[in-house]
Ligand SMILES: Nc1ncnc2c1ncn2[C@@H]1O[C@H](COP(=O)(O)OP(=O)(O)OP(=O)(O)O)[C@@H](O)[C@H]1O
């Protein structure tokens, strides 16, 4: 999902309009010059998104409050996590355009993260990390040392990149105690992870699903410009690196996704005149075009967001913009960035424990075989044939029951 939030800070004229799903920007470059009948340049640039919010003036009838934003986005984050999907929600936009306001809010007007945390009773663990200067710090770790406590990022072959040794606080209660901490820290890149684990017994069949909510507040998007504070200290350069790499990752993923969907439509056209199933692998036309390499590992931010950006996650990007003419260039760049991100196609799946899933499937199979066995016994019209089948089915039921036993 792509969301545009138009916030405060107005210097100059208002040049942005937000309809329900369209953000329109008046082109000040055209505005400022004399037009003739030959001038065909677009005066308004329009960008379509899943939601567009206007939060400039609280008196305005179309003003979107924190509650409205939570009802649209927060609830879909929670329902996705309860279904077992990994969810990532990240805020991108110019400095001062309202990223932190949207993600965290203020004590008087709380934002998405505290609302999401306070709404759930199923929350089991949460962790709070800061990525700064290409280092990961645990914001829940009490450190008396002068040197900040840094953590390493590693990659699990199945669950993807993770931070080794991060503190995961159990249950919802400590969240309330830590809430003040969330408001007092103002860092460049913040990442808030919530882990859900649900054990369900439905029709006597067990199922266990785990999901993760990843809430990310990025640094100001002007730093995504490679020339921004080029010769300054390492700190600035590293924040640049994160956002520049994020930009490259997003545009490469978008290109790959577009290539994938165009391949699919080419394949379906080819298949219309051809009854044989296509053997093309996804992302290749006649096996010749290859997906471009995605440089996730070029920055800690993109490495940690690997799954959220191009893998097993439902991802929501919130792009925040200022409505003022003075921010024209940054606003257009944010909207183009967001439009590009819209082309990325992820493949989220429900995260179910493999052993528990197997047990459930075996039990389903046992039930199915038992039902078949019963119907054979009831019919029993041809004893010799039925005895044979009966024996096979009983054998299958026993085998499956033994397999289920191994997992207990
Ligand atoms: N929709 C809004 N309604 C009321 N105040 C807002 C809104 N959006 C932003 N603000 C206020 O504007 C100021 C800047 O917003 P905020 O800190 O969220 O920007 P940011 O995009 O996170 O900036 P940075 O990149 O520097 O972290 C804050 O004082 C914030 O409370």
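Every residue gets a Cβ built from N, Cα and C, even glycine.
For 3-344, the entry in TrEMBL reads domain 'Kinesin motor'. According to TrEMBL, the feature ATP binding site maps to 93, 94, 95, 96, 97, 98, 99, 100.
Fewest Cβ neighbours within 10 Å among the binding-site residues 94, 95, 97, 100: that distinction goes to 95. Ranked by Cβ neighbours within 10 A across all protein chains shown, the binding-site residues 93, 96, 98 are led by 93. For the recorded site, residue 98 (ATP binding site), the DSSP three-state label reads coil. In the predicted model, the domain 'Kinesin motor' (3-344) has a mean pLDDT of 73.
Every protein chain shown contributes to the tally, and the Cβ of residue 99 (ATP binding site) ends up with 27 other Cβ atoms within 10 Å.
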